[in-house]
Amino acid sequence: MLFHKLLPFLTLLLYLAGVQAQAKCSAKVPCKVGCCSKYGNCGFGPDFCGTGCLNNCNAKAECGKDAPAGKKNCPLNVCCSKYGFCGLTKDFCSKSAGCQSNCNTPAPKCAANALGPRRVGYYESWATTRKCAAVPPAKIRTTGLTHLIYSFAAIDPLSFQIAPTSTLDAQLFGDVTALKKTSPTLKVFIAVGGWAFNDPGPTRETFSKMVSTARTRKIFIDSVVLFMKSYGFDGIDIDWEYPGASDRGGKPADTENYVLLVREMRQVFTAEAKGW
């Protein structure tokens, strides 16, 4: 079963919505999101991407007036914030905060015959190494959770196979899935990617390259199946931030290719008959 998370996505965008225009950059230090203006600030539009722009000058917003043609509105009709990001909270949807489109969109409602609620928790692998209030897997409180998602695994940029993010992860994978012994109804997923995975660096374009051909998609899917069998995971969360976002290593073909990845993965998972 595929499960696509929303909460960390919105939390991150909430941060970006308020501070992106104040982020600092230079000719040698690009913005993680947006163009670097002549004054060393990050953002979108002519004030940042026009005359005097220092870096990443072709960046486009996710939505709104500074988005590429045909992408002015957000997917799923969610709100477009003042700064060109999609989301559902008041920072995105309030007209007083500068919402550009789909403002005040009502939250979706579940049908009367919908399945029971899911209570999803995310476990950050680096929590176990914190100097203060470290949380190893054995201390995770699973009471009330239906799903626990381990964040994050990576994708090898050369082989396109799922891989641990660090040497510590291999041990933690098994420790987290072992929680099902005391919480037998719990489903444990593996999240792949994460925000930093598409930062400037060797993995920036890995998602785009992986989904670009049937061969590389199959390599990734086959490696995921083996990975989930080896460690006892019940599903995968594809945390690609974001398909098609040129300033995040994305390509125009990402959307169509991502759909192909999910469709092909669903077919393989169904054939495995493990309830994924």
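Here, residue 1 is simply the first one shown, and the rest follow in order.
A Cβ is built for glycine as well, from the same backbone N, Cα and C atoms used for every other residue.
The disulfide bond feature in TrEMBL is assigned to CYS35-CYS49 (among others). Cβ neighbours of CYS49 (disulfide bond) (same chain, under 8 Å, six or more residues apart in sequence): GLY34, CYS35, SER37, CYS57, ASN58, ALA59, ASP66.
What TrEMBL lists as disulfide bond is CYS53-CYS57 (among others). DSSP classifies CYS57 (disulfide bond) as coil under the three-state reduction.
Annotation note: CYS86 (disulfide bond) sits in a strand segment as assigned by DSSP. The disulfide bond feature in TrEMBL is assigned to CYS74-CYS86 (among others).
Sequence-distant contacts (6 or more apart, same chain, Cβ under 8 Å) of CYS79 (disulfide bond) comprise CYS86, GLY87, LEU88, PHE92, CYS93, CYS99, SER101, ASN102, CYS103, ASN104, THR105. DSSP assigns CYS79 (disulfide bond) to a strand in the three-state reduction. According to TrEMBL, the feature disulfide bond maps to CYS79-CYS93 (among others).
In the three-state DSSP scheme, CYS103 (disulfide bond) falls into the coil class. Per TrEMBL, disulfide bond is recorded for CYS99-CYS103 (among others).
The domain 'Chitin-binding type-1' annotation in TrEMBL covers 22-59 (among others).
Model confidence over the domain 'Chitin-binding type-1' (60-105) stands at 90, taken as the mean pLDDT rounded to a whole number. Per TrEMBL, domain 'Chitin-binding type-1' is recorded for 60-105 (among others).
TrEMBL lists 117-276 with the feature domain 'GH18'.
According to TrEMBL, the feature signal peptide maps to 1-21.
Taking CA atoms as the reference points, CYS74 (disulfide bond) and CYS53 (disulfide bond) are 26 Å apart.
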